[in-house]
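Record features (TrEMBL):
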type	residues	note
DOMAIN	84-153	domain 'GspD-like N0'
DOMAIN	182-241	domain 'NolW-like'
DOMAIN	248-321	domain 'NolW-like'
DOMAIN	328-452	domain 'NolW-like'
REGION	351-398	region 'Disordered'
COMPBIAS	351-388	compositional bias 'Low complexity'
DOMAIN	545-712	domain 'Type II/III secretion system secretin-like'
REGION	724-793	region 'Disordered'
Amino acid sequence: MIHGMIDAPAKGKNMKYRGLSAAFLWTVISVSIGQAWSAGTVTPESPQGTGPNRIENPMAAIPETNALRTNKFAAPPDPDVVTLNFVNAEIEGVVKAVSEITRKNFMLDPRVKGTINIVSAKPMPRSLVYDVFLSALRLHGYAAIEDYGVIKIVPESDAKLYQTPTLGPNDKRPAAGDRIQTQVFTLEHESAIQMVPVLRPLIAPNNSITANQNSNTLIITDYASNLQRLEKIIHAVDQPSGTDPISISLQHASAIDVAQTVNRLFAEAAQTQISAESGGGQIQRFMVVADARSNTLLARSGDPAALNRLRQLVAILDQPTSAGGNIHVVFLKNADAVKLAETLRAIYHHTTPSPSASPSGGTGQTTGTAFGTSSLGGSTGTTNPSSGFSGGTVSAVSTMTPAPMQTQTTGSSMMQSIIQADAATNSIIITAPDAIYNNLRAVIEKLDVRRVQVYIEALIAEITADRAAEFGIQWQNIIDSSQSGTQVVGGTSFNTGVTGGGNILNIAQNPLSAGPGLTIGIMKGLVTAIPGIGPVINLHALIRALETDVNANILSTPTLLTLNNEEARIVIGQNVPILTGQFIPPVGGAATSPFQTVTRQDVGLSLRIKPLISEGGTVRVQIFQEVSSVVPGTINATNGLITNKRSIESTVLVDDGQIIVLGGLIQETVNDAVERLPLVGEIPWVGHLFSYNKRSRNKTNLMVFLRPTLIRDSENAELPTNTQYDRVLSDQNKAKPKYHPILPDLESPSLPPRPPQAPADLESPSLPPHPPKASAIPDEIDIPDGTGPSVKR
């Protein structure tokens with residue numbers, strides 16, 4: 001049942017018609033409409049049009065004759081306005097009524113059910129009925145989708161799945177309302193991905209917002225009224241981060257020194273003074289960099305007031321140096337002061353000038369590459385490398401070239417620029433005019449940089465597989481004639497060279513000398529009359545069989561960290577003595593003690609590298625790698641030790657993080673030896689009774705790999721450090737002894753847990769580092785009287 005009523009008011013604006021009375025015409029039309037509505041065409045459950053819940057035309061309740069008779073010229077009701085009153089009305093019935101009023105076609109999703117309330121105290125234009133209906137649907141969790149003349153009413157959660165009007169960045173925006181639309185926003189300054197979590201709470205939970213990283217756009221599906229609000233928010237947020245950079249040229253001071261001073265000064269003030277004056281407590285981005293080539297400062301900030309204060313501060317600092325204040329101290333951060341001083345002196349190599357002058361204006365010349373020259377005289381003159389001078393103070397133009405140049409100096413004695421290094425404080429002391437110092441300062445700034453480190457990982461893989469087999473039969477017989485005392489010895493004896501200890505004569509003399517493997521002998525009695533040997537076993541036959549299979553897999557992974565263009569070496573092994581000579585005095589000679597001479601040699605793994613990084617990141621590595629070991633069984637050898645040695649020395653080019661093979665060896669040796677009796681040993685099958693067979697196969701596979709990794713900052717160094725630290729800590733935990741009920745529990749040494757990483761700086765990334773503490777070395781101390789240096793850091 002539809003509970004509601006549509007009332008057309010009795011009052012409205014007058015409509016004028018030519019040739020017919022407006023009142024009479026409206027009375028006729030209203031009577032016709034009233035009769036149709038009162039007949040029950042809209043409210044099928046209330047055909048008589050009675051009761052409190054009904055939809056009817058109010059004109060049907062007006063007495064027709066009385067209305068015409070009492071007020072012949074009464075103002076007719078306005079057909080363009082209606083009054084909506086729906087109380088707990090079914091949605092289906094309300095949709096039918098709205099369809100009659102708006103002449104629109106509707107389709108309802110089967111899930112759209114329930115009642116709806118729309119109450120209007122005043123008449124409203126028919127054009128607003130549809131918008132009011134959409135607002136009521138939104139409050140009940142439904143949305144209307146317009147598609148090819150049909151309006152689909154679906155749950156709000158499914159609205160984004162249907163075709164909705166889509167607006168691009170340049171499309172005309174329609175009037176706001178509760179219509180579902182899709183709009184594309186293009187961002188120019190902010191990141192679209194970062195804007196999604198900011199705008200998500202402002203969008204209906206059932207609607208969507210997505211970001212396209214490639215085009216930096218936002219795609220939002222929501223109600224038109226909310227899209228207009230989001231458009232204003234996005235426009236307010238999508239603003240440049242700061243103003244365009246400004247440049248400040250310096251005339252006297254060094255741009256590098258001024259930039260360092262300003263950055264330290266504004267680092268802490270950026271959160272207090274600048275932000276408090278410009279934006280309600282937000283941290284403003286502020287950056288100052290120096291261009292050494294043009295001696296200019298480049299500054300950028302989101303606060304124009306901060307830039308004005310920067311100009312004032314730079315004007316105060318950009319002052320000419322006072323007389324005598326030409327001594328400067330530069331503290332280095334990364335470079336070595338001694339080596340850098342040598343480099344600077346090599347660039348500006350100077351010679352002692354040898355001027356010749358007359359006391360009263362004669363001619364003379366000054367030549368050389370000194371930073372500055374001056375002379376003392378009684379009048380004023382000008383000097384250059386090819387002109388004379390006539391006393392007085394010398395003045396010239398300073399240039400920055402390694403060739404002979406003119407410099408501006410003032411003084412009463414010969415003076416030249418001096419560069420001296422202080423190794424204790426890793427600083428450089430420069431005595432030079434400001435023009436030369438500024439040029440030197442620019443060179444120092446470029447050379448005093450953090451050197452890139454190289455983390456070298458070497459992988460030495462050696463795989464050996466040895467397999468040997470031997471089989472043979474040996475015969476021996478001793479015939480002892482008791483009558484004549486003659487003994488006859490005969491048989492076969494072969495050399496078992498693979499393992500040794502398998503000769504029949506050796507075993508007959510000492511049975512314990514039999515080597516590994518299967519040894520079967522046939523013996524009878526004991527022979528005691530062999531001269532020079534003594535008693536031996538009468539061993540008639542000996543059968544020997546042996547098969548050996550030895551596999552070895554050796555993997556060595558030495559690692560090394562070194563600076564760019566610095567040699568590093570690692571040795572892991574033993575230092576063993578090698579016999580080089582010995583002396584044994586002759587018997588009966590002079591009483592001389594015997595002695596031996598030995599030298600010690602490193603045996604093990606040795607790695608020596610020297611990397612050189614090119615501008616493109618390619619690493620040129622000079623590498624020497626050696627693996628050596630002592631041959632087992634030669635430690636107590638008379639002639640000294642025997643060592644195995646595998647070394648490689650090369651220079652290669654490899655990219656950052658690339659694995660490259662330096663070289664290797666793949667060797668395979670097969671030996672097949674047969675010892676047998678002549679003629680008899682060659683007889684098939686029978687010959688095996690009179691032969692000894694030995695076969696062996698040795699295979700070696702040795703490869704050396706190398707991978708360099710560039711460490712440009714502390715963050716890059718954390719990954720290999722943490723990896724190796726965790727690996728050693730894990731191995732130590734596995735190596736702890738197990739619990740034993742009798743033996744004491746000895747605590748094993750172990751590395752402490754890896755400390756957590758330092759928290760990230762909470763400052764803005766664009767802000768310079770924090771200024772040093774008050775107890776740090778002062779940045780600059782100018783002593784105008786020349787009694788002390790000006791210290792810059």
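Placed from the backbone N, Cα and C atoms, the Cβ positions cover glycine too.
TrEMBL does not curate its annotations; it predicts them automatically.
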Where does the mean pLDDT land for the domain 'GspD-like N0' (84-153)? 83
For the domain 'NolW-like' (182-241), what does DSSP give as the number of helix, strand and coil residues? 25 helix, 17 strand, 18 coil
The correct DSSP tally for the domain 'GspD-like N0' (84-153) reads 26 helix, 28 strand, 16 coil
